[in-house]
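Colleague: Once you've had a glance at the structure underneath, I'll fire off some questions.
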């Protein structure tokens, strides 16, 4: 069995020597002891421990119990549905706020490996390479971050030293040697960047220039690879910030400073056609969306649970508008579940014998959630009103004024501290810097909402045509005579 | 085989002697020749003809081919899913705008008959009576209208002749004889009232007074039964009003003028408990919602088809905001499908051995659609702009100015008449009096949106409790110590 | 005194020989007797009678009592505010639903004449011509329709007889003679087209080709001028359709069939610069928007009055959500009033000595109303619920079932007929074909909402720049040192 | 001259000995040196310095130059408009984010003093007391916090020590002595609580019990008075948090621990009638709203400026949807200005000879802004997309990776640091804990949005009645005959 445990996972990551920059400081190794990384790594370790728990093994391990579920290639609808359940179980463990539990990118690696033949079209070695990346990952139970976006591009080329030497912005192939590709430039925005065993680099479809067309996976501590993390929103008080303190994943600009990517790690190379069809033909996009939609279902359950707890603590259930707000959250939850159900029930086996969920409902799901998640947050704000402004903190409750808080802040049948803990949890979910990053994450994780809508429009081409033709048939067959009146009607 | 055909159906309805009042005129018999009723009856006749078509028999007939699908009691998920498909097939035949194809109320009759034991709790005769109503309906392939709403009640009693004699407003039992109950007063708002073989009268839960607690079905031409129809929106020009001219169903206040209801037709009688649990315990509500949600899926497909046809005729596909509007319609369609899928996949057999779709997603569906349908209409208005103001009519195209219309009104690659036909169809779907009634129908057919949200809130009690408890467990198990910083972090 | 009276106005229009096509029929003369035109002409006649009423003379007549207010050129803020009040008084007389009371286009004629010097830049005769048009209009107290939109243009030229002869679609200059311009083609969409003394033809800015650049006014019965009216939504029953029956204005495609426009009527001729600055430099746009915004204020008052009457008849005032809906309407009303107030208080004299209202708030107003008007309609629908479906009509109340309607349909303290009259008025305002045209009119009367937003964006250039610079100054002057902590804070 | 300067103000506040609790720590004195209070006090000091600047004296000082504008009683429209401008000037200095510049509560004190006769109705001493409070405030140029909300009340009384002794929650009169009232309990939620010279305590209208009906003002360091501050969101890095670091005002629960309020400070005492009419009769509410609406105008200008700067830095101006988003912000700004303009132009002198702005547009304004402010924030989020996630911080730019940020993060024509500074400013305005508190502040500062709507509904009673009657008159005068058709029309 290649499955890791929480402990083994933490030990492995502790030894990772990736070059991580955070708030002006360079960190190399020891992430598991660093305040900004420790908690989320422990949260992930818990997920690995769950895999070993007898009660979860049937769901969280592959059918043959040789790996965790993330590396299993679904061949039947049952496989698919099981995977969805496993994703939801993990997501629930993290209150729905961990965007990148290991299943997210592992799913991509697994789906790409299942589509080995796809990459072999350009040369048998590319198929073998993705297969090798997958097998190594299974063997060690690896985690990955990934990136497939280029920095917003300046139309002017970049000459840092005046007009002499142009340097790349978006990461590109600047050289090729016997050992492999040499990559220079940057990629956006790797969640958990620097904290995972490897990084999966997928081609961006924004450029046609073949210098930008490549796919590979390399260890996070490869020479020249650098992770520029955004400032951490991790907090130390669990009472004040129950989620920030546990689940801050970070996001990083990935810099390739003349990184040498061995040929054996390259599965896609200067191939425009294979790049443009990559996500649709392999089923990778459908699987990424399927993971995301399942996580969002769980997140919505959490928001609903928080909202109902708040309503009960505040004693405002009897108000029609309160019920209406909760009901809107219920509708959102049922809608998300429906999209997932629809994708599962229409799943089909693709040419690589993967059972791929139907993509249309999943695209609709992600687009729906981009617009709906902020409304769910708004519901919480509208329910809790000024409670979110006034919430005391851990230090207040540890001070001489604790008894006064108990007198003036308590709920109908909860202590002030319990009530405050709930309110601070909701704040942290939606109104701290961690919470706001959650909102931005849901708004943008699959791209600009306007472009997501446009791509849904195009994806839906066959259905739209069918419905349009149905309308045209109806109009063509309309009878042309007037309907006969009888005499008494509207004389 | 008891299945009717379009022709037989029309002949039977032609002989119906129900007392129908329309726009000040009393009509008795001959509805199939009356301009206000003829078209919709023919539209329904087509549905019956479809049942006989070889290509549709497997879907539109019961498994044993003894009745059409509407009278089949679903025992398995396959039965349920088949019924959903059949509903969508019929709905599609009517462009999604026929609120009451025969399956709607037939479903209720069938579900109630399947729950015969429910009614027998109050006396074995009540179970037998609903069984009898059902069997007779199957035998003759009957259609029904139904009513379960009381008129909005005046707090003051009603004394039409001064202060002496109070008369009932909401229909109530005013007498009981050996023959049966005597009912006096009115009920709201029977769609197709007066045009169907029988009327199914369900108890309203608004009153506790047992005079108002009854359930029965009687022929539409029962003595004293009177249908006060709202003014018809039926139109004579199919070109100008392609939907109003074919699918105007009407709605009627049902007046019971001392109507004698034979005991053999009564299946619920002054029983408060059986009344309050009626819709939930028998699965009737779940089935009504299931029919409605399936119809709404089809209606949304039609709106989407019309929108896309419009976009193509106008040549505006390239605009991002146009794509965004269509994409919003796609999301609505996928959401509705998802709700249906969810209800099917979580369906369970109830105590009367009916396979009942899960009600929560269906309640969410109807509530979602109450809010979303007007947005779909808005999308069409925003796409078509002033085209909807300026559309010429049939007479214009039959006049000397036809050639000028061709010159000034034609589309890029459609004739002016074809383009106008499409625009008039969209107008009729959403902007004529017929179209507006469609909007009102979707906004209100399952009740006031605010109350529907409240009832969804209450229905969701177990789930909300589970999610709230999950939150509470999470908060309780939070570690109480602060997270240790390493020295370098935020010194 | 040149001011007309209702009677004189009707007599003059009765003699108008414009070529009007309606529903396939050609009408020449006698509009005042034709059912489709009679009512709205009488409604306008009432406006003229109001001008003569002693109580209204100070508001509805010019200061020197030589014309009605529509022809007065405002020179001071007081003049402007008076004009706004006069517009609201007339609008109120027509329940806010008459889009084109005579002040709308008369205002444009007046403002253009005040800007005589603007047109004279291209030749002194053009200034004199607009002056002449104005003086004649004042002398006879004329009414106008106007047009400034081209038909949506086919990219392919139009060859009705195969490939030989291309004919114009948008109206253009096809010849010039000593007598004047010869115009051929069509223009969209003249409200009240054919019913007014003259038509004002303004240049469209859509084309650069000078064949399309012209401005003139000619009598509606000029030879070759043809009005293709959309089907009428006028109704005969005032009870059933209190607004459709009185205020249906019609909209018409204007066809110029080789129309000769005398040189003396041309005030703008093949001049691109004068065309592109026309609406901004003369203040015409500001004045059109000012008239519209004032009318919309009144319309909103009517919608609010209808809503409150409905709430009272239904006895639902106590519900918080009902109050909330009315309050939203109040906010809309106050917002519209605020925009007008803002435009007035920032009005400035332009180079032609006109006191021109500030355009920015008025553009904001029209854009706000495009989005808000449909919400106001929605509020009415949500308040009235199924009452709008079930409303009986005039014939019902004149029939034997009237007493039953009284019993079952009456309100708490209103008769069924009174209640129904109110409900039908709301239906007609918002849910009949007349009502829907009102919605479309408000959504589109100043252009596609998306483009109106874009133009507001550009119009606001100076303000945006000022606010952006303020931000930049703020960011530049930020202190660069960290704020010093005292020891005790967050140790 | 009684006007203070920034320096004098800071010295005075430095000596204030109010009992302030913050994050578990008790602070007494030295607020001007404490990191959590220092910055906002300096920001306020700048406002006082502005009053002395020659260029601002005409606006920021009273007409007779004896006090700053906050203490001037407006008697004319010019006075009122000047006050609005002064408020906007101060608000602008604080980027619109300082909710409580001194004018907010000073305005209330001033208006109440102007209404001296109102309080004298219950006894001449009450009038004199408010006059005394005002005069002392003017003399020393005092600042105030205020409170008029009770803690959400438990229906069960509070017995902290079991069942023996009930203690008050909401602050109430528990004793009266010769010296004055003794108050015990708490009040919510004093912004800047503890940092101002005095606290103004206004009666809450939530209780009828006269123990809760009182109005007074006392020094912040009165014995027994205690301010329980919510945790501070003040930050030390100006670069990272340009607003949090300067304008964090704090909010505090105010605890009255057996506080003795001298009779000379009491202006309202157990008087139900004077309590319930207080805010309307004196004009205090209108003035509070007027200050708030003017501040919100400025805040909206800032949001618009930030949005436009962002659009320019990102180079996305050409997109229609970007223009549309900015245009929505423009509409909001013009709407807010319109409300203010409307309130000014309809202002009237009240019985105490104050020129009081019209309250209806101001209530509409605050209600509009409660709903609109979150949309403005949303626009910023939608425009900036993932830029808000990835923004580096001050330490990053001071570290070795600065050059890499310059390479990968810079804008089209701005340096990475400038671009980041802008993005961090927008984050701080809307997405940090400071920013979120701004959102909550605007959502709630005048009360629960649902209740604000209800109160607007009731306030509008006379107007609604007038519009309803107009509708009724219209319906009553409708002609009863049908409109005559001519033969050719719709034959």
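From the backbone N, Cα and C atoms, a Cβ is placed for every residue, glycine too.
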Colleague: Which candidate from A:56, A:146, A:258 does TrEMBL annotate alongside A:100, A:101, A:102, A:103, A:104, A:204, A:205 at the substrate binding site?
Modeller: A:146
Colleague: Measuring Cα to Cα, how many Å separate residue A:204 (substrate binding site) from residue A:451 (FAD binding site)?
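Modeller: Just about 15 Å between their Cα atoms.
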Colleague: Which of these binding-site residues is closest to residue A:191 (FAD binding site) if you go by CA atoms: A:101, A:102, A:104, A:146?
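Modeller: Closest recorded candidate to residue A:191 (FAD binding site) by Cα: A:146.
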Colleague: How long is the line from the C-alpha of residue A:449 (FAD binding site) to the C-alpha of residue A:205 (substrate binding site), rounded to the nearest angstrom?
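Modeller: For residue A:449 (FAD binding site) versus residue A:205 (substrate binding site), the Cα atoms are 18 Å apart.
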Colleague: How many Å lie between the Cα of residue A:100 (substrate binding site) and the Cα of residue A:451 (FAD binding site)?
Modeller: 23
Colleague: Would you count the other CB atoms within 10 A of the CB of residue A:104 (substrate binding site), including those on all shown protein chains?
Modeller: 24
Colleague: Would you please pick out, from the binding-site residues A:102, A:449, the one with the fewest other Cβ atoms within 10 Å of its Cβ?
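Modeller: Across A:102, A:449, these binding-site residues, the one with fewest Cβ atoms within 10 Å is A:449.
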Colleague: Report, in sequence order, every one of the binding-site residues (A:448, A:449, A:450) having a CB within less than 8 angstroms of a CB belonging to chain B; if no such residue exists, report 'none'.
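Modeller: Listed binding-site residues meeting the cut-off: A:450.
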Colleague: Taking only the binding-site residues A:448, A:450, A:451, which one has a CA atom nearest to the CA atom of residue A:102 (substrate binding site)?
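Modeller: When the Cα distances are compared, A:448 comes out closest.
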Colleague: Counting only residues 6+ apart in the same chain, whose Cβ is under 8 Å from the Cβ of residue A:146 (substrate binding site)?
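Modeller: Sequence-distant Cβ neighbours: A:105, A:108, A:190, A:199, A:200, A:201, A:202.
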Colleague: Find, among the binding-site residues listed as A:101, A:191, A:204, A:205, the one whose Cβ has the highest number of other Cβ atoms within 10 Å in the structure shown.
Modeller: A:101
Colleague: Roughly how many Å lie between the Cα atoms of residue A:448 (FAD binding site) and residue A:104 (substrate binding site), rounded to a whole value?
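Modeller: That comes out at 20 Å between the alpha carbons.
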Colleague: Starting from the Cβ of residue A:100 (substrate binding site), draw a 10 Å sphere and report how many other Cβ atoms land inside it.
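Modeller: Around the Cβ of residue A:100 (substrate binding site), 26 other Cβ atoms lie within 10 Å.
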Colleague: Measure from the Cβ of residue A:450 (FAD binding site) and count the other Cβ atoms within 10 Å, all protein chains considered.
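Modeller: If we count other Cβ atoms within 10 Å of residue A:450 (FAD binding site), we arrive at 19.
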Colleague: Checking interface proximity: list the binding-site residues among A:100, A:449, A:450 whose CB sits under 8 Å from a chain D CB, in sequence order.
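Modeller: Out of A:100, A:449, A:450, A:449, A:450 lie under 8 Å of chain D.
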Colleague: How long is the line from the C-alpha of residue A:103 (substrate binding site) to the C-alpha of residue A:450 (FAD binding site), rounded to the nearest angstrom?
Modeller: 28
Colleague: Tell me, roughly as an integer, the mean pLDDT over the domain 'HpaB/PvcC/4-BUDH N-terminal' (A:5-268).
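Modeller: A mean pLDDT of 95 is what the model gives the domain 'HpaB/PvcC/4-BUDH N-terminal' (A:5-268).
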Colleague: Same chain only, sequence gap of 6 or more: which residues have a CB within under 8 Å of the CB of residue A:451 (FAD binding site)?
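Modeller: Correct list: empty, so none.
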Colleague: Which whole-number value in Å describes the distance between the Cα atoms of residue A:205 (substrate binding site) and residue A:450 (FAD binding site)?
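Modeller: On Cα coordinates alone, these residues lie 17 Å apart.
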